[in-house]
Amino acid sequence: MTPAQAKAEARIGLLNGFAAYGMWGLVPLFWPLLKPAGAGEILAHRMAWSLVVVGVALLVVRRWAWAGELLRQPRKLGLVTVAASVITLNWGVYIWAVNSGHVVEASLGYFINPLVTIAIGVLLLGERLRPVQWTAVGVGLAAVLVLAFGYGRPPWISLVLAFSFAAYGLVKKKVNIGGLESLAAETAVQFLPALAFVLWLGSRGEATFATEGFGHAALLAATGVVTAVPLVCFGAAAIRVPLSTLGLLQYLAPVFQFLLGILYFHEAMPAERWAGFGLVWLALSLLTFDALRTARRRAGETQGGFAPSPPAVGASRLVLKRRTGSQSTRPVPQPPARTP
């Protein structure tokens, strides 16, 4: 590949990265359009239509060999089922939070996700942290306490989103399936329960798909596209841009969500919430600084002929499974396996 071609590929990758995280960041604008459907009905349609969209995509590219291999591996199939269950919780809480006026608190969940991932890496995987990482985790814990004081309760929406996403990453670490394939497998697990729930709503006269007009039905069906398109863009970015760049781009989504919560949905931000978010951003700044510094040092050691030492990082080794199916032990906190 010539330098000009490499530059063009990098540009395409960067644009796809911005597109993916931009769409995930702007998705709070979409969920309110689906009212009067409740969060449960929206979630069920998202699961069902995502399978349809991803199934068509895989049919077009003729990538089905993985399905037979997965069915022959009960342990891996069980892990996919667990991953599907965890991401169902994550999706459901996020949709409910957005449509109930908690966009800012939902964005906090994705800000603190790298910190929660590090904590789980230490507690469950016995990973070692560098001093700056310990400091970041401590600052993050202080932020949660400040926000709990500000909200008058623990920020449970943020915590559920962050911990469910970290658990999702932990499970996905064990499943070596590509991005579209993974989404297809997980939504296949979700499909029958989702269909049963929609039929149950219909039997009670509470389903909105067939009662609110064609536009409403089309929007519910579009949940599959809203789920799949950013995933495709992310996959295109992941193979073209450095992992460190992708790791920094991941913060675009919660930043956009936070700004939408304040500027578009006009959610309240008293002083104690600003203080709590400020501590979260400080913790993430420390984490990012340490990760980039470590990456530069290891790059220098490699160029100087020294073998780099094994990483002692939590976030990068826990959320290893990427939408593209690749694995990495980079010190920059990994982009989440799938954002809302």
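Cβ from N, Cα, C; glycine included.
Quick look at what TrEMBL annotates:
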DOMAIN    12-148  domain 'EamA'
REGION    300-340  region 'Disordered'
TRANSMEM  12-34  transmembrane segment
TRANSMEM  46-65  transmembrane segment
TRANSMEM  77-96  transmembrane segment
TRANSMEM  108-125  transmembrane segment
TRANSMEM  132-149  transmembrane segment
TRANSMEM  155-171  transmembrane segment
TRANSMEM  183-202  transmembrane segment
TRANSMEM  214-239  transmembrane segment
TRANSMEM  246-265  transmembrane segment
TRANSMEM  271-289  transmembrane segment
Do the transmembrane segment (77-96) and the transmembrane segment (155-171) share at least 3 Cβ pairs under 8 Å, sequence separation 6 or more? yes
Between the transmembrane segment (271-289) and the transmembrane segment (132-149), are there at least three Cβ pairs closer than 8 Å, leaving out pairs fewer than 6 positions apart? yes
Using a cut-off of under 8 Å between C-beta atoms, tell me which stretch among 12-34, 108-125, 155-171, 183-202, 246-265 contacts the transmembrane segment (46-65) the most. 183-202
Paired segments the transmembrane segment (246-265) and the transmembrane segment (155-171) in contact, 3+ CB pairs under 8 A: no
Do any residues of this chain, six or more beyond the ends of the transmembrane segment (132-149), have a C-beta under 8 angstroms from a C-beta of it, and if so which? 108, 112, 115, 118-119, 155, 158-159, 272-273, 275-280, 282-284, 286-287, 289-290, 313-314
